[in-house]
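Asker: Sending over a structure as structure tokens; questions will come in a sec.
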């Protein structure tokens, strides 16, 4: 079994209004030195052994559905786990 | 002329769309469920607003893979008029039938109010009933209507005259270049955030949206009279 952690964030070139609002709120709370806040999504996928090329499969899933390449970037980590 | 009103789980402007076509326009309309196998019987396709699949992941992200969308792509390729409003526009973007993507409104608020739109291009099958540069009033109701595309796409949209409607005066969502509605290069797929189907009767605050539907019918009648 594999546990895949997928992180999706807005691309650097795309303004993140949620991130800006959170950054301003943190500043209001007195936290200093915060240059930027970017808000994204975190997804956990559990795959079984029938998936042969995990890397290729996850990449395809990200590009077709999990992220929108027009405005979002993605990265992922694959971890092998023992089935319970 | 027969319109298909596509219904996804979570669509909520389908009844307004049906009403606009059937009662105000006086044309045929039918609801078509998201798992439909064919759209061959229809002359035009309407993708209504709402929150298809709960807007899970991204607006329109899951709807783009529903069964009927393969048929919508076929209808678009066949040159039939395809109109996506609000969530329908978001679905057209996710499906790649129109370029670009939607971001959250700049204000982070859901905005529901009348806005003024400028008709930037009246040489389309959807906007021919308006004057070039005419300012019309149509309501918006969305939380993610902040249109975005890269510079290359934007210059292509401009060169091909694909920007059909822009916000006049105040931009409610922060969209790039005040974009409110764009059309594909072939000129038969229009996506717009404002709701023309909610502006088809003076009694309900305005009828500026009706001309859009009338334009579709007029163009279709002319095209089919030639073929007949």
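Residue 1 is the first one shown; counting continues down the chain.
Yeah, the Cβs are placed from backbone N, Cα and C, and that goes for glycine too.
Keep in mind that TrEMBL annotations are predicted by a computer and have not been checked by a curator.
This is the feature table in TrEMBL:
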type     : residues : note
ACT_SITE : B:86     : active site, nucleophile
ACT_SITE : B:195    : active site
ACT_SITE : B:197    : active site
Asker: For residue B:197 (active site) and residue B:86 (active site, nucleophile), what Cα-Cα distance in Å is obtained after rounding to a whole number?
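Answerer: Rounded to a whole number, the Cα-Cα distance is 11 Å.
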Asker: In sequence order, which residues at least six apart in the same chain have a CB under 8 Å from the CB of residue B:86 (active site, nucleophile)?
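Answerer: Spatial neighbours, sequence-distant, of residue B:86 (active site, nucleophile): B:13, B:48, B:49, B:50, B:140, B:141, B:142, B:145, B:192, B:193, B:194, B:195.
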Asker: Mind telling me which of the active-site residues B:195, B:197 has the densest Cβ neighbourhood, counting other Cβ atoms within 10 Å?
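Answerer: Per the Cβ count within 10 Å, the most buried is B:197.
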